[in-house]
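*Asks:* One structure coming up, written as structure tokens, with questions to follow.
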Amino acid sequence: MAGSFITVECPDCENEQSLFEKAASEVSCAVCGHTIARPTGGKADIEGEVTAVVEAR
């Protein structure tokens, strides 16, 4: 696999959410709606703290 899944903590509400590190679309927090990832053509621009990385198998 060309990327990993990560767990990101929202900077506004501290909700933890899992997403693909190379997200192709904007990812918003499921609780407060704050944008936590923006696509850049490669790895996404992450807003918030990455708390865990799930390694590829």
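Placed from the backbone N, Cα and C atoms, the Cβ positions cover glycine too.
Straight from Swiss-Prot, here's the annotation block:
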ZN_FING   10-32  zinc finger
BINDING   Cys10, Cys13, Cys29, Cys32  Zn(2+) binding site
*Asks:* Cβ-Cβ under 8 Å from Cys29 (Zn(2+) binding site), same chain, 6 or more residues apart: which ones?
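*Replies:* Set apart from Cys29 (Zn(2+) binding site) by at least 6 residues yet with Cβ under 8 Å, we have Cys10, Asp12, Cys13, Asn15, Gln17, Thr35, Ile36.
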*Asks:* Would you pick out, from the binding-site residues Cys10, Cys13, Cys32, the residue whose Cβ has the largest number of other Cβ atoms within 10 Å?
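*Replies:* The residue with the densest Cβ neighbourhood is Cys10.
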*Asks:* Taking the center of the Cβ atoms of Cys10, Cys13, Cys29, Cys32 at the recorded Zn(2+) site, which other residues in this chain have a Cβ no more than 8 Å from that point?
*Replies:* Pro11, Asp12, Glu14, Asn15, Ala30, Val31, Gly33, His34, Ile36
*Asks:* Could you give me the DSSP helix, strand and coil counts for the zinc finger (10-32)?
*Replies:* 0 helix, 7 strand, 16 coil
